[in-house]
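S.K.: Dumping the structure here so I can ask a few things about it.
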């Protein structure tokens, strides 16, 4: 007997409140990784003690990772209010949110240069493709993409297009687009009940299926700003780097010692495919222990806040809102905004 996942998965997702779990989890990870970013593991453990006991800071302030995630979430909500999610409305909503974020006095959390430069160009009201930093594949592209995987009712083309579009407004490199697409797809799969054990295989299959697909309806002529001979070549360049990273994650899971810095196996996370890979590794080493996954990602030699942010999104999408202690969840910065979006998408 087969099960119709089209009817059972949404009920399961709503019951566990996957959207709330993912959004709160990413913010908690972001807050945990904020004080450990730019610090090597020996210094982290000398200052904060064993990594398995890493505390949630007080106050639990977040970085631009959570701020921009909220911006993407609000843009998705605004763009969907006028009907089915479409490229033009989403691009306009993202532009407005990103420019507002860049001009906000709360934009004081050491954001990446690519985002700042691109947002300055977006504010000039030129075509967004002219703002995209075509050579950048920094993790700013996918640290903020989780909402795309949580919005209910999107088909696969909308989800992929939206994930790549939100990245492309700032980070135009094809690997940034592919890694963002994969990150959103991972969140979506976990929210709908995919088992962690098979996640890397599912992501690898998705990457192969989409390897030469360029979403022209969503990206326009972005590819012409690179040196690729065709849009398919442009897309494949990014997917191939992500496929190589998924191979590294699969190999690491067979041999990883949880006590070893994950960045030594799958990279420090400053670039998009490494952020995806190392965050996945941290989550998949501890799929039933969400706080341990956060702590492992935050106690690393790399981009700790972004790694823990994504690990928290994966863990929260998988386990739901109950993954996080209420005593932690109520302390995290921007809690009201996170819970509002979560309630909207859990329904």
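Note that the numbers count up from 1, one per residue, in the order the chain is shown.
Placement of Cβ uses the backbone N, Cα and C atoms for every residue, glycine included.
Curation plays no part in TrEMBL annotations; they are all automatic predictions.
So TrEMBL says this about it:
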- 63, 64, 65, 303, 306: Mg(2+) 1 binding site (BINDING)
- 305: Mg(2+) 2 binding site (BINDING)
S.K.: Residues with Cβ closer than 8 Å to the Cβ of residue 303 (Mg(2+) 1 binding site), same chain and 6+ apart in sequence?
M.R.: 33, 37, 139, 268, 269, 270, 275
S.K.: Any idea what the Cα distance is from the residue listed as 'Mg(2+) 2 binding site' over to residue 64 (Mg(2+) 1 binding site), rounded to a whole Å?
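M.R.: Counting only the Cα atoms, the answer is 10 Å.
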S.K.: Enumerate the residues of the same chain, 63, 64, 65, 303, 306 excluded, that satisfy the criterion Cβ within 8 A of the mean position of the Cβ atoms of the recorded Mg(2+) 1 site; list them in sequence order.
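M.R.: Other same-chain residues near the Mg(2+) 1 site: 30, 33, 37, 66, 109, 139, 140, 143, 305, 309.
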S.K.: Is it possible to get the count of other C-beta atoms within 10 angstroms of the C-beta of residue 63 (Mg(2+) 1 binding site)?
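M.R.: Excluding its own Cβ, residue 63 (Mg(2+) 1 binding site) sees 21 Cβ atoms within 10 Å.
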S.K.: Sequence gap of 6 or more, C-beta under 8 Å: which same-chain residues meet both conditions with respect to residue 64 (Mg(2+) 1 binding site)?
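M.R.: Expected: 101, 107, 109, 110, 111, 112, 115, 140.
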S.K.: List the residues of the same chain that sit at least 6 positions away from residue 65 (Mg(2+) 1 binding site) in sequence and have their Cβ under 8 Å from its Cβ, in sequence order, or write 'none'.
M.R.: 26, 30, 143, 144, 305, 306, 309
S.K.: Can you tell which of 305, 306 has the least company, meaning the fewest other C-beta atoms within 10 angstroms of its C-beta, among these binding-site residues?
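M.R.: Per-residue Cβ counts within 10 Å for the binding-site residues 305, 306 bottom out at 305.
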S.K.: According to DSSP, which of helix, strand or coil covers residue 64 (Mg(2+) 1 binding site)?
M.R.: helix
